[in-house]
Ligand SMILES: [Zn+2]
């Protein structure tokens, strides 16, 4: 394994990620919340930024594209929607792939938070960069997509190997846990997880990244087809149940 992942806080509650391949010397930025922080972190590591992989168009994900490209001459990959506001060199969509040295990332369509949101899954490294589609015990707000689209996206993420390490873009876990306990009362695995999260945050530790497997048992948004959740939240189909849970979280 020649990949090294560097995670660091950015802006108020974003996480920045730099992924470095020591064999080729290539480094990619996963999103660009803040150019200065990314350039400083890369320099401290001694890594040369050669790429940017955007997940969606929001400014706290693509706002640093121009400045990082100007400083490094890197190539910017991402969904078409990014190009409306920020520089983009290569358009990616679900089913495409991106490469960093000898490592391949499969691009997954995870639209719903924004219409064109994509995720990057590196099967050999067991890593997935999911932006604002999936959070620990939560998912992104549905700004642009439909419940059908968002639920289909979550089903695609849910189908990844359970041991996959999920790298999401925000530290929202504590607030998500409070809602999850409300949405799915009596879930013992969730109660254990919520206690661990509280202890980690009290100690100033990040709760991200996290394994997908645990989310399958505890994340209410990944459990919209669970009979108990459907009975509790209503809906004749998983996407209707998902819509009910998402609406409840928005006003929680
Ligand atoms: Zn976003």
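Easy rule for this one: first residue shown is 1, then count along the chain.
Using the three backbone atoms N, Cα and C, a Cβ is placed for every residue, glycine included.
For reference, TrEMBL has these:
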DOMAIN    13-170  domain 'Metallo-beta-lactamase'
BINDING   56, 58, 113, 132  Zn(2+) 1 binding site
BINDING   60, 61, 132, 170  Zn(2+) 2 binding site
Check: same-chain CB within 8 A of Zn(2+) 2 site center, minus 60, 61, 132, 170: 14, 31, 33, 55, 56, 58, 131, 140, 169
Cβ-centroid neighbourhood (8 Å) of the Zn(2+) 1 site, 56, 58, 113, 132 excluded: 55, 57, 61, 114, 117, 131, 133, 140, 143, 169
All-chain count of other Cβ atoms within 10 Å of residue 60 (Zn(2+) 2 binding site): 19
Distance from residue 132 (Zn(2+) 1 binding site) back to residue 60 (Zn(2+) 2 binding site), taken between C-alpha atoms, in Å: 10
Binding-site residues near ligand 1 among 58, 132, 170 (Cβ under 6 Å): 58, 132
Whole-number Å value for how far residue 170 (Zn(2+) 2 binding site) lies from residue 58 (Zn(2+) 1 binding site) (Cα to Cα): 13
Distance, residue 132 (Zn(2+) 1 binding site) to residue 61 (Zn(2+) 2 binding site) (CA atoms, angstrom): 9
Neighbour tally for residue 61 (Zn(2+) 2 binding site), based on other Cβ positions within 10 Å of its Cβ: 24
Which listed residue (56, 58, 113, 170) has most other Cβ within 10 Å, given these are binding-site residues: 56
From binding-site residues 56, 113, 132, the one whose Cα lies nearest residue 170 (Zn(2+) 2 binding site): 132
